[in-house]
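Undergrad: Let me begin by handing over the structure; questions about it come next.
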């Protein structure tokens, strides 16, 4: 056994020398030098410094401009809300515990931080699934007469919360548990032990299949079909410069979405799955800390990718920041056209990214 398992924690270090202590009571500087904990705290402070204003601006601009309250933007707004959960209820706690070198808020605080971090991440993930399905239905038209309306958007938002709660709530009630991970200053689902008392093995399998693999398959399928549909439309309308431009824009958008999704979650999921399938193997605290903390950056680039690349939202944001005037003079009509994706044929208004 290359780790030390306690009643409510797992330290990735053998206790042969007797130095291992509970991460709820003592600094964990035997796992890593104090300066490394300071780096984590500084990193979390940077995420808070960037995440709060970006996500606040997302919510504020949407509230200020009625034309942004479209069905599609409800899902984008949901991303902003869940990112706030991650920043306010997760990042602030992690920054504070990193400064102290251990999880100073005890087991209750660990469950609190782990729950909200998981909830925020899962809401974001399932929001991306709903976005992918919406893009697929509107652009590829598997149902010819279907129009994505406000009721569908609200159902999509409710769906993201239901699925997120289905992942984040069970550890609170005895199906798995939240424990400190990596350098022991942030909490997550227990991938480190089988812990039969809380049926940990079945929960981890359920989480990987239902809350990671299935969303990834859905997103890949929807955006793959979207790219094919756009290419077919461009081939049929070769003289249309606007369609060709729209094809490039949506292809770029899809590539950015897929790449950043993979960059954000695959390293964390891979490391967690490796640890779970290699119980008792030797690994250092940094092995889990780096991907876990990097995944938290999704609260920053999610709004950048899914909202800042939305031309209509971007124009409204500039107008808000510039006290009601847009110095760049972008035409709202063109912005509005990009959001009307329910037209009867695949055209610029359908394949634009917003």
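Glycine residues also receive a Cβ, built from the backbone N, Cα and C atoms like all the rest.
Quick caveat, the model's predicted, so the values are computed rather than measured.
What Swiss-Prot records for this protein is below:
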type	residues	note
COMPBIAS	334-354	compositional bias 'Low complexity'
DISULFID	110-187	disulfide bond
CARBOHYD	2	N-linked glycosylation site
CARBOHYD	15	N-linked glycosylation site
LIPID	322	S-palmitoyl cysteine
LIPID	323	S-palmitoyl cysteine
MOD_RES	296	N6-(retinylidene)lysine
REGION	332-354	region 'Disordered'
TOPO_DOM	1-36	topological domain 'Extracellular'
TOPO_DOM	97-110	topological domain 'Extracellular'
TOPO_DOM	174-202	topological domain 'Extracellular'
TOPO_DOM	275-286	topological domain 'Extracellular'
TRANSMEM	37-61	transmembrane segment
TRANSMEM	74-96	transmembrane segment
TRANSMEM	111-133	transmembrane segment
TRANSMEM	153-173	transmembrane segment
TRANSMEM	203-224	transmembrane segment
TRANSMEM	253-274	transmembrane segment
TRANSMEM	287-308	transmembrane segment
Undergrad: Please report the Cα separation of residue 187 (disulfide bond) and residue 322 (S-palmitoyl cysteine) in Å, rounded to an integer.
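TA: Just about 41 Å between their Cα atoms.
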Undergrad: Under DSSP, is residue 187 (disulfide bond) helix, strand or coil?
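TA: Strand, per DSSP.
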Undergrad: On the DSSP side of things, how many residues of the topological domain 'Extracellular' (275-286) fall into helix, strand and coil, could you say?
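TA: Across the topological domain 'Extracellular' (275-286), the residues distribute as 5 helix, 0 strand, 7 coil.
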Undergrad: By a simple count of other Cβ atoms within 10 Å, which of 187, 323, the recorded positions in the record, is least packed?
TA: 323
Undergrad: Please work out the mean pLDDT for the residues of the topological domain 'Extracellular' (174-202).
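TA: Taking every residue of the topological domain 'Extracellular' (174-202) together, the mean pLDDT is 94.
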Undergrad: Which has the fewest other CB atoms in a 10 Å radius around its CB: 2, 15, the listed glycosylation sites?
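TA: Sparsest of the glycosylation sites 2, 15 by Cβ contacts within 10 Å: 2.
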Undergrad: Which numbers of helix, strand and coil residues does DSSP report for the topological domain 'Extracellular' (97-110)?
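TA: Split into helix, strand and coil, the topological domain 'Extracellular' (97-110) gives 9 helix, 0 strand, 5 coil.
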Undergrad: Given a 10 Å Cβ-Cβ cut-off, pick out the one of the recorded positions 110, 322 that has the most other Cβ atoms nearby.
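TA: Checking each of 110, 322, the winner is 110.
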Undergrad: What is the Cβ neighbour count of residue 296 (N6-(retinylidene)lysine) at a 10 Å cut-off, with all protein chains included?
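TA: Here the count is 23.
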Undergrad: Nearest by CA distance to residue 322 (S-palmitoyl cysteine): which of the recorded positions is it, out of 2, 15, 110?
TA: 110
Undergrad: For residue 323 (S-palmitoyl cysteine) and the residue listed as 'N6-(retinylidene)lysine', what Cα-Cα distance in Å is obtained after rounding to a whole number?
TA: 32
Undergrad: By CA distance, which of the recorded positions (15, 110, 296) lies nearest to residue 2 (N-linked glycosylation site)?
TA: 15
Undergrad: What counts of helix, strand and coil residues does DSSP assign across the topological domain 'Extracellular' (1-36)?
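TA: Residue counts for the topological domain 'Extracellular' (1-36) by secondary structure: 3 helix, 4 strand, 29 coil.
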